[in-house]
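Undergrad: The structure follows.
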Amino acid sequence: MLWIFWLVFAYFLGSIPFGLFIGKICCNCDIRTEGSKSTGATNVARLCGFKYGVAALVLDVAKGFVPVLMAYQYSHNWIFISLVAAAAVIGHVFSIFMDMKGGKAVATTIGVFLALAPVATFYSIVFLLAVIALSGFVSMGSLTFAVALPFFTLVTGSVGMVPLACGMTVLLFWTHRENIRRLAKGQENSWKKKK
């Protein structure tokens with residue numbers, strides 16, 4: 001029964017659409033209908049400004065980090081922890097507050113793995129930032145992160161988390177499917193074009 005509580009808690013917390021709330025409260029816009037129509041930090045930053053994008057990023061990371069860290073204090077069972085982590089990320093992608101729609105889950109995945117495999121996450125974030133800096137495409141950086149995460153999770157010794165990391169890779173590619181299509185057609189928005 002306690003497992004069910006933790007899964008529901010993680011899913012509920014993951015479902016909270018902080019980006020949507022920030023957009024409505026801070027810049028009076030529905031980010032689901034403007035820009036990339038994503039509720040993530042990138043779209044918040046584009047529409048509302050950098051500081052609000054950072055706020056959305058931190059909150060989305062926290063909703064992955066907090067339930068996993070709390071659950072880890074309850075049990076070190078890797079299956080249990082993986083399920084809690086997955087519930088938080090799935091909550092972000094399929095939010096009960098947005099008719100089972102949501103964001104792309106990069107920030108929430110980062111939060112989950114900062115709690116479980118911080119070194120692997122750090123290295124993966126370095127690749128994410130490097131690709132964004134070089135290419136100008138946040139989506140390309142996110143996809144690079146998705147590929148790097150299982151690799152660094154394995155090589156840094158967090159072997160028990162590799163299946164979860166692989167699952168997150170598949171999910172992140174799925175949530176970025178439209179970005180992948182736009183990248184292939186040369187139609188993806190680049191931060192560099194804004195300068």
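The backbone N, Cα and C atoms fix where each Cβ goes, and this holds for glycine too.
Annotated transmembrane segment per Swiss-Prot: 2-22, 52-72, 78-98, 112-132, 145-165, in sequence order.
Tell me about the setting of these features in this model.
TA: Taking Cβ pairs closer than 8 Å, the transmembrane segment (2-22) reaches residues 30-32, 38-41, 43-44, 48, 52, 55-56, 59-60, 63-64, 66-68, 71, 74, 80, 83-85, 87-92, 94-98, 102-103, 108 in its own chain, all 6 or more past its ends.
Panel annotation: around the transmembrane segment (52-72), residues 6, 9-10, 13-14, 16, 18-19, 22-23, 26-27, 40-42, 44-46, 80-81, 84-85, 87-89, 91-92, 103, 107-116 of the same chain, lying at least six beyond its termini, place a Cβ under 8 Å from a Cβ of the stretch.
Beyond its flanks by at least six residues, the transmembrane segment (112-132) meets 61, 64-65, 68-69, 72, 81, 85, 88-89, 138, 140-142, 144-145, 148-149, 152-153, 155-156, 158, 161, 164-165, 168, 191 of its own chain at Cβ-Cβ distances under 8 Å.
Tertiary neighbourhood of the transmembrane segment (145-165): same-chain residues 78, 82, 85-86, 106, 109-110, 112-113, 116-117, 119-121, 123-125, 127-128, 172-173, 176, selected by CB-CB distance under 8 Å and a gap of 6+ residues from either end.
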